[in-house]
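J.: One structure follows; several queries about it will come next.
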Number of protein chains: 2
Amino acid sequence: MLTFLDALKRILVGRPEITGRVRFAPLRRRVALPTLASNALSSVAYAPDEILLTLALAGLAAIHLAPWVGVAVMAVMAVLILSYRLSIRAYPSGRGDYQIASENLGPRAGVVVGSALLVDLTLTVAVSVSAAAHYLSAAVPVLAGHEGWVAGVGVALLVVLNLRGLGRGSLARSLPTVLFVVAVGVLLIVGGLLALTGQLGLAPSATAPLAPAPAYPDGIEGLAGFVLVLRAFSTGSAALTGIEAPISGVSTLAAPRAKNAGWVLAWIGVIATILTLGVLFLASATGVRLAAEPESQLAAAAEAADLTAASQTPLLAQLAQAVFGPGVPVIVLSLVTILVLLSAGMMSFLTFPKLAFYLASDGYLPRQLRTRGDRLGYSNGILLLGAAALVLVLATGAGLAALIQLYVVGVFVSFTLSQAGMVRHWGRLLRGTAGRSLRAALHRKRALSFAGFTLSALVLIVVFATKFAHGAWFAVAGIVVLTLGMLGIRQHYDEVDRELAIDESTSVSALPSRVQAIVLVSTLRKPLLRAVAFARATRPQVLEAVMVDSDPEKTARTVTQWERLGLPVPLTVLASPYRDLAGPLLEHIRQSRADRPRDLVVVYIPEYVVGRWWEQLVHNQTGLRLRTRLHFEPGVVVASVPWQLASTGHGLQHPASTPAPADPGHPAA
Amino acid sequence: MLTFLDALKRILVGRPEITGRVRFAPLRRRVALPTLASNALSSVAYAPDEILLTLALAGLAAIHLAPWVGVAVMAVMAVLILSYRLSIRAYPSGRGDYQIASENLGPRAGVVVGSALLVDLTLTVAVSVSAAAHYLSAAVPVLAGHEGWVAGVGVALLVVLNLRGLGRGSLARSLPTVLFVVAVGVLLIVGGLLALTGQLGLAPSATAPLAPAPAYPDGIEGLAGFVLVLRAFSTGSAALTGIEAPISGVSTLAAPRAKNAGWVLAWIGVIATILTLGVLFLASATGVRLAAEPESQLAAAAEAADLTAASQTPLLAQLAQAVFGPGVPVIVLSLVTILVLLSAGMMSFLTFPKLAFYLASDGYLPRQLRTRGDRLGYSNGILLLGAAALVLVLATGAGLAALIQLYVVGVFVSFTLSQAGMVRHWGRLLRGTAGRSLRAALHRKRALSFAGFTLSALVLIVVFATKFAHGAWFAVAGIVVLTLGMLGIRQHYDEVDRELAIDESTSVSALPSRVQAIVLVSTLRKPLLRAVAFARATRPQVLEAVMVDSDPEKTARTVTQWERLGLPVPLTVLASPYRDLAGPLLEHIRQSRADRPRDLVVVYIPEYVVGRWWEQLVHNQTGLRLRTRLHFEPGVVVASVPWQLASTGHGLQHPASTPAPADPGHPAA
């Protein structure tokens, strides 16, 4: 079994690499921009859709608000980016918000930020791959209705790529973003020119008679309408995720790192704003109508079925059709969009394991997350992220509408706490600074961070208020559980550290006074003789063979055979009226140790090692279960004496597997 | 985790019992009859239904053949019972058909019979519990449509009862059968009297305008109709399962065992025949119409929905309603029927583990199936049967129509082979017998066994021909896979026996020449010091500490600390460019043993023992994985040195857990 799994692993993962072998050159800022922008820019492929879908619940009148909701989202982005540029200069280590919150607000705040980011990175993968699956199924109709499985395959693909360490080069990471920006740019320019000359066509869904959903009988009027606009805003805030990428990626940049990262961040903001607003205005100009609940909203239309399909087609695909007509451009744009979405997923697969590594290094996550795999990626982090994202896309059937409700909670928890941390940071610097102009600069910085904090806290409240009941509670629960889990793990590690640390009182030369060896007898065959021989070779002060009598007939047979063989070791038989193996043995060991508590007891257990997996099933797993029980007993060492059966490929033919004749000078135990 | 599971087990299973404590008094034959008859008689609750359902596929004209199909089934039963009475006298050991086939036709035939019976016992549980679920949901309409889950709960209930060892007493086993026979007897007598006086009412489904199913446009005419009658016959043969119960239960009877078992078998035949034929004739008299495919067969009826429900109600419930009218009698009969069906399931839970025990004793199944559980049942066999039956009822949704197609294949394979074995048996006796009248008697017996063999082979062919494509292939595949698996297991055990047997050439006093101890170093904390102390206490000829360098920084830190502590053991650092732990260690061990192949290498691995299950997850499982790799290496013993963390409840507070100060006279290694 081992060999089969090993072979499978080699095929999927490739040959192992030597530690420290793979190094990437520092990124110049023009390369860094597309490399770090994929997450932030790829949201152009789904955030405008979600704004339109949410507003459409209130009917036709509402969707004209979409561009203005977009403007509000971009305004928040502008403030956050300005404030983040300060954060990057102050914390250019690459540990990002986790470090800022830990150092300024205490380690617990840091753990909350860590949990929030882990949850959001997982959702980035789920959302990006699900969106990619929808673009793919819009282009390849036979896949429609199976988006969940398509997305599942996508996640698996990302896991394998990352375990192999592929797609980490700057070309592979930057090309999809460049292509996407160029493609959407061309779309917007051509669309804009056509609009100016009055030749812009309508989108396929433009004729849909969009009625308000039953929950919004008054359309956009009244309190319900107002809350819906807020909800569209908080859903559209998905466009803001990814702007934290430059602060975690700062360590990969060329010097001057912080300055370059600030430049990258600014350009991400500019490009994201142009693309998002451009798409929203073009959607308005071509009359795109997306229906969140087609059954009720399109019921009035005669050709409801066709319109339902049209109103579910992703926005960029509809725009491409309106601008270029059906054909090649639509397919090219869809492909490029799929690429950039997968690229955003790839980025999460780099960031999540790195964050998990930092958290594990600080003792908040299991140490296994620090291990580098065969290809030098943090394999356990990659597998963990892949598993979580896979569960999400399969459970929702790649349901973007559902996933988007869970999204951005984490990112805004992290923004809010990190901006609060920055306010503290500047305050602390202020207390230690004297010069007037220096103090004025710090005051300005603190004011900007405070603005960022206030705004992100406000958005967080809006997000909570409008999305909690729609699914955000699940993300919140995830963050809470992760936070508590991490604090618990840290506490456990701290306890273990205290318990196991070597201090002055620890004696390094203390030894047990005597060694008592016990050979466990079950069937009298060669492996048992080997166990007896090995136990004798260690020359313990006391050596006995012990048999637990769970089957009187077999016990009698074994005792007779033992005497006939003339083994130079006394055989003790322990009664076991309840046919239990471990109980009587533990009782026996405790009795021996009660007399001499400083003795060391070594229990030798003969074990069969088989070569084929099914052979394992037909041998009693007594040894394994017994070892688990004995491990709880202080002062007892369990020594497994393996016997390699012929099927392992070792075994009898090996010269060393049978013990040599006794050294005549050896004292028998 | 252990303690929680232990507590759960105690609640479900109860306190353990002492070996040999529970003994049952031998059964007098009047008690044995109902005790052993539950399986054979309970088929009255579903076999007539299945005959009617199958014939109904050809429309109204066909169902009048049902009583005559019943007569044919009962004729086969009569011959088989006569022949089985001979088998019981010849083989009164309780090992039944498995022994008859093994001894007369060779062990492979025995294994085929064993597999076939295991498959059929599993199906008995699945069919009986599913039928019970249908009677229950006919009485409690809220359960309708959830029969699969109801049956699943039923299987789980039987498993728990059997693990606890409940329901094994003669009263619990015989009462359901007595009640059932009385209830059906009253139904038939009252129904017969009403029919004679012309007052018998019609069944609720009597007005259903049963059309032939689309596959049978010509009704019962032609070849298709003939095959359908054969299929009704082979489906109705489900009534024949259970007549092998007395031959496996013979050991529980009072003396003269074989004679009493023969008496029991004869009466089972008489009662089964009366009940089955009585039910079929009464069904004919009350005009019961069951529809296998209600959508197509009842489409013509205006009140199709009502009739669909009526035509799906179990036959006995319909008869009770026709004879007594709706009300208490129907409910009483349903309850009694459910009881007898569960009782038949219980009997399989006694027979299956016993047969598995015999097969495991002969080395055809894993030895774990020989272990008696806390309450003296063969728990592993009980769990195995429960799991298989659970899968069947859940996968088919307690679909009787599907399960019945898999049924009786196994029982007729077993009948055929065991009757063939008996023919051989009598032939062998004939060759050693001289007296004329004795020889004539043997000739008569051989003729009877031959008739039994011919008939069951014929039925087996009919079953194959009519049911194979409908699902019997699955049962056949199960039997083939089980047979091959058992032969493979036996071959493996034989090989291991040969490999491990102690013979003249085995030296019992051979010892390895020297002991090399290696302490595996990962983190320098107290558990490592304990491992070093324990290794030193065994005073090996060579002792070294080995650290695999997978993280250079940590290695350097450990080496410094090692030197500062002044540990009297040399520390070897092994390079590991691929961050692999086992590889470099194995290489190092092989090099040391290459020089001195007769040395014994003992590898001491410090292990943390934690008290809470989740703590296990946050510690590297390096020790476990390493032990698995080292077990494949000849001449290497792996000694785990456990350290019980405080959370286990042992640990530091225990006086014996820290080694005592060194004995000054001790030689350091």
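Placement of Cβ uses the backbone N, Cα and C atoms for every residue, glycine included.
According to TrEMBL, the protein carries these features:
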- A:648-669: region 'Disordered' (REGION)
- A:68-88: transmembrane segment (TRANSMEM)
- A:109-136: transmembrane segment (TRANSMEM)
- A:148-166: transmembrane segment (TRANSMEM)
- A:178-202: transmembrane segment (TRANSMEM)
- A:222-243: transmembrane segment (TRANSMEM)
- A:264-285: transmembrane segment (TRANSMEM)
- A:331-360: transmembrane segment (TRANSMEM)
- A:381-400: transmembrane segment (TRANSMEM)
- A:406-426: transmembrane segment (TRANSMEM)
- A:447-465: transmembrane segment (TRANSMEM)
- A:471-489: transmembrane segment (TRANSMEM)
J.: Please tell me whether the transmembrane segment (A:178-202) and the transmembrane segment (A:264-285) touch - that is, whether there are at least 3 C-beta pairs under 8 Å between them, with each pair 6 or more apart in sequence.
T.: yes
J.: Can you see whether the transmembrane segment (A:109-136) and the transmembrane segment (A:406-426) are touching - at least 3 CB pairs under 8 angstroms, only pairs 6 or more apart in sequence?
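T.: When sequence-distant Cβ pairs are counted, the transmembrane segment (A:406-426) touches the transmembrane segment (A:109-136), since at least 3 lie under 8 Å.
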J.: With the transmembrane segment (A:406-426) as the reference, which stretch in A:68-88, A:148-166, A:264-285, A:331-360, A:381-400 has the largest tally of C-beta pairs below 8 Å?
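T.: Between the stretches A:68-88, A:148-166, A:264-285, A:331-360, A:381-400, A:68-88 has the largest tally.
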J.: Quick one: do the transmembrane segment (A:264-285) and the transmembrane segment (A:222-243) reach 3+ CB pairs under 8 Å, ignoring pairs fewer than 6 apart in sequence?
T.: yes
J.: Based on Cβ pairs under 8 Å, which of the stretches A:68-88, A:381-400, A:471-489 lies most in contact with the transmembrane segment (A:331-360)?
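T.: Out of the listed stretches, A:381-400 contacts the transmembrane segment (A:331-360) most.
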J.: Would the transmembrane segment (A:148-166) and the transmembrane segment (A:381-400) count as touching if the test is at least 3 Cβ pairs under 8 Å, pairs 6 or more apart?
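T.: Contact between the transmembrane segment (A:148-166) and the transmembrane segment (A:381-400): present.
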J.: Quickly jot the same-chain residues contacting the transmembrane segment (A:471-489) by Cβ under 8 Å, restricted to those at least six beyond its ends, or write none.
T.: 108, 111-112, 114-116, 118-120, 123, 359, 363-366, 402, 405-407, 409-410, 413, 463-464
